[in-house]
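Engineer: Annotations for this protein, taken from Swiss-Prot, read as follows:
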{"type": "REGION", "residues": "1-46", "note": "region 'Disordered'"}
{"type": "REGION", "residues": "119-143", "note": "region 'Disordered'"}
{"type": "MOTIF", "residues": "121-139", "note": "motif 'Bipartite nuclear localization signal'"}
{"type": "BINDING", "residues": "ILE170, GLY171, LYS172, GLY173, SER174, PHE175, GLY176, GLN177, VAL178, LYS193, PHE243, GLU244, LEU245, LEU246", "note": "ATP binding site"}
{"type": "ACT_SITE", "residues": "ASP292", "note": "active site, proton acceptor"}
{"type": "REGION", "residues": "552-592", "note": "region 'Disordered'"}
{"type": "COMPBIAS", "residues": "556-566", "note": "compositional bias 'Gly residues'"}
{"type": "COMPBIAS", "residues": "567-576", "note": "compositional bias 'Low complexity'"}
{"type": "COMPBIAS", "residues": "577-589", "note": "compositional bias 'Pro residues'"}
{"type": "REGION", "residues": "623-669", "note": "region 'Disordered'"}
{"type": "COMPBIAS", "residues": "655-664", "note": "compositional bias 'Low complexity'"}
{"type": "REGION", "residues": "863-895", "note": "region 'Disordered'"}
{"type": "COMPBIAS", "residues": "868-893", "note": "compositional bias 'Low complexity'"}
Amino acid sequence: MYRLEDTNSGGVMDKNKQKLSAYGSSGGSVDAAQGSGSGGGRQRHAPLYGRFVDAEDLPATHRDVMHHHSSPSSSSEVRAMQARIPNHFREPASGPLRKLSVDLIKTYKHINEVYYAKKKRRAQQTQGDDDSSNKKERKLYNDGYDDDNHDYIIKNGEKFLDRYEIDSLIGKGSFGQVVKAYDHEEQCHVAIKIIKNKKPFLNQAQIEVKLLEMMNRADAENKYYIVKLKRHFMWRNHLCLVFELLSYNLYDLLRNTNFRGVSLNLTRKFAQQLCTALLFLSTPELNIIHCDLKPENILLCNPKRSAIKIVDFGSSCQLGQRIYHYIQSRFYRSPEVLLGIQYDLAIDMWSLGCILVEMHTGEPLFSGCNEVDQMNKIVEVLGMPPKYLLDQAHKTRKFFDKIVADGSYVLKKNQNGRKYKPPGSRKLHDILGVETGGPGGRRLDEPGHSVSDYLKFKDLILRMLDFDPKTRVTPYYALQHNFFKRTADEATNTSGAGATANAGAGGSGSSGAGGSSGGGVGGGLGASNSSSGAVSSSSAAAPTAATAAATAAGSSGSGSSVGGGSSAAQQQQAMPLPLPLPLPLPPLAGPGGASDGQCHGLLMHSVAANAMNNFSALSLQSNAHPPPSLANSHHSTNSLGSLNHISPGSTGCHNNNSNSSNNNTRHSRLYGSNMVNMVGHHNSGSSNNHNSISYPHAMECDPPQMPPPPPNGHGRMRVPAIMQLQPNSYAPNSVPYYGNMSSSSVAAAAAAAAAAASHLMMTDSSVISASAAGGGQGGGNPGQNPVTPSAAAFLFPSQPAGTLYGTALGSLSDLPLPMPLPMSVPLQLPPSSSSSVSSGSASVGSGGVGVGVVGQRRHITGPAAQVGISQSVGSGSSGSATGASSSDASSSSPMVGVCVQQNPVVIH
């Protein structure tokens, strides 16, 4: 066997030798013919792996191929080889090099056209097959009504509930789709939000429905810029929410400006409406956090108007029911959410600050591509966050490194190569173009864009963009900022009969001349500032010249005369308060209304005094603290703090961190010189010493007050319940008042509180006044003319006006009244058979300062004086007096929120 293999292998080797010798001889002849002299017929070849080889060294197959090509056997092979050589060449313009370089776009366009043409032909050829094959698959998704993304398949012209005819698709999102539809019952177009047919989306949409229904009940008159939910229903396993149809959103508006931004005036109108909406959301009955405030979620009501509404509460929650940690769109995400600190309603204020800058500049203020980039861009503008915030945040190490030596923090080194400016070096001053004519200098010399306007805007934005949510400006304070201060030539209120936009609406034919800081109050509301205030009063008969002269110059007592019924003669006797009133009084609704001169002791001795104290300091610091809360102040023995909730919403916000009881005792007696001392004190810091409270810039407009709670009885809170108010509640809780109260004045106080509350919210007007009434302070014997039982003719109000900010107005029976209030000199009224209180709307303009309550007219017994209470602030020479004792003095004054027209101005 082995021998056979050797024999065979030897035979193969012999054959190879024969071939090799034949190849060598033929090679030698070729070389001889060519005269190459190859030396013994050996042929040299190109180096193989670095050395020259002979033909013998090549494998047999290589030698055969080489021999075949080196000696063509026939002319046919030669011709075939020649045919393969090109005799013409391609034009360079049409060559592949040009097509794939210079003409690359044209090449790909051609490729796309060819591809989609083939795809279309293929789809047309197999359409019937596809329809039949997809039917089974589509039935897997809600019987064919849904696509594979669990969205409802929209068909134009389809009717939901045989009522809503689908018009078109408006938009899509992670939640589902929004379609425009026609409501055949109400004959109007609506927007229907169709939620995905998935359990998580359905659950969140049900929370949205609950929150929207709460807000719509609290905003029955549709004044607080929240989208109106008409109804909701289930349709083929999809929850459908029917909304009013609005226009395009603020991002679309920016895009229409080519991202150059809108004017500062229009930005102000947007800001005012949004602050009012946030103030509404912050009421204790709601405490709703939007959690996704951005330009896309703010829609214009009309494309030619500035009225807006907030939409998309799909991510929203209430303060005590936070369920998400990853919230807010990145550009508008607050530092506490980025850092992982517990958040509250203040995150919406941060978003609002970012939105306002973007609306004016046209570009996002902080446009991070991820959270780390976002934090770096925030630090570029605002500097480093406070150390105490970073110490308590559990995501600090994601953004910052801690220096061991001193415990301070520095930004982490960037891993992606981006370079950032040093902390705080990209100034908001430069971004807004405060001194350079606005962003990019585009607003240079444009009216309403002065350096002063920009400085106010910048100051407001910096307060909104405070790192610490506890010191970030609240909506209530923001609305009182100087940025919203109206000028005499710009009116943004709309008012009906009996009220004007720029002049104070008088109550009953009263008029007064007031200075720019004016404290003039019509009809029984003593001026707090005799140097500039003017008081006018009219009785049932025409006032005499002496009365007019007396009221034009006099003020009542120590300047805290609030309420009705004070006569000109009494005001003439009082000592004027020698302190100026630099800012307008907060909205006070003084219904007036006792039967004799003792009526000035009905409620609070120091309402006007507190108002002056609270508003006389133009606080510029960001941590201006609100007034003390009832939770702390009602324990003071001499302050009667437990009655604070008689006048909710008067002058400020409650502060859950304050301890006011330790300083209230010094204000127990406020008449005479003590009141001057009280007004003279101001607190410029952030301590709990609340005998003096500093406020931010106050706008010359009444801040919006909240609507009454829903009539379900939940609003009647006793004092212990009031102590449970949530922290950072933005709306003012009450105005503290001080002094002692007699048993007779208790009934009078209850009566006046009832009257004030009954005027608090009128359904025929959108002017919302905080109810507060006060007693005039003057020098005299506090024992004359005690309150007659007829003062109790003002019965306690019914529940609809009984509460505000979670504070009971409807009952004084639960309130401890430790000491009697000292009565000052009674106010003598001209004799007559009856007295009527006619009230106008509180408005802001160019007269004195005063207060009005909208709507009702009450008859009381005793001496007659038609008491008109008006409010106007400004620098004009006279306040407008309208109404003339009419029961509908301001029955149709639809002020939309605060200082925003019902029919807003045209966008420019």
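For all residues, glycine too, the Cβ spot is worked out from N, Cα and C.
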Engineer: Here the binding-site residues are ILE170, VAL178, LEU245; which one has the lowest number of other Cβ atoms no more than 10 Å from its Cβ?
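Structural biologist: Selected from the binding-site residues ILE170, VAL178, LEU245 on minimum Cβ neighbours within 10 Å: ILE170.
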Engineer: Any idea which of the recorded positions SER174, GLY176, PHE243, ASP292 has the thinnest Cβ neighbourhood at 10 Å?
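Structural biologist: Taking SER174, GLY176, PHE243, ASP292 as the recorded positions, the minimal 10 Å Cβ count falls on SER174.
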Engineer: DSSP three-state call for GLY176 (ATP binding site): helix, strand or coil?
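Structural biologist: GLY176 (ATP binding site) sits in a strand per DSSP.
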Engineer: Which whole-number value in Å describes the distance between the Cα atoms of GLY176 (ATP binding site) and ASP292 (active site, proton acceptor)?
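Structural biologist: So the Cα of ASP292 (active site, proton acceptor) lies 17 Å away from that of GLY176 (ATP binding site).
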Engineer: Just to verify a number: CA distance, ASP292 (active site, proton acceptor) to SER174 (ATP binding site), in angstrom, no decimals.
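Structural biologist: For ASP292 (active site, proton acceptor) versus SER174 (ATP binding site), the Cα atoms are 14 Å apart.
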Engineer: Restricting to the motif 'Bipartite nuclear localization signal' (121-139), report the mean pLDDT as a whole number.
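Structural biologist: Reported value for the motif 'Bipartite nuclear localization signal' (121-139) is a mean pLDDT of 61.
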Engineer: Widest Cα span across the ATP binders ILE170, GLY171, LYS172, GLY173, SER174, PHE175, GLY176, GLN177, VAL178, LYS193, PHE243, GLU244, LEU245, LEU246, in Å?
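Structural biologist: Greatest Cα separation within the listed binding residues comes to 21 Å.
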Engineer: In the three-state scheme derived from DSSP, which category covers PHE243 (ATP binding site)?
Structural biologist: strand
Engineer: Have a look around LYS172 (ATP binding site) and count the other CB atoms within 10 A of its CB, chains all included.
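Structural biologist: Result for LYS172 (ATP binding site): 14 neighbouring Cβ atoms inside 10 Å.
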Engineer: When DSSP is mapped onto helix/strand/coil, what comes out for ILE170 (ATP binding site)?
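Structural biologist: DSSP assigns ILE170 (ATP binding site) to strand.
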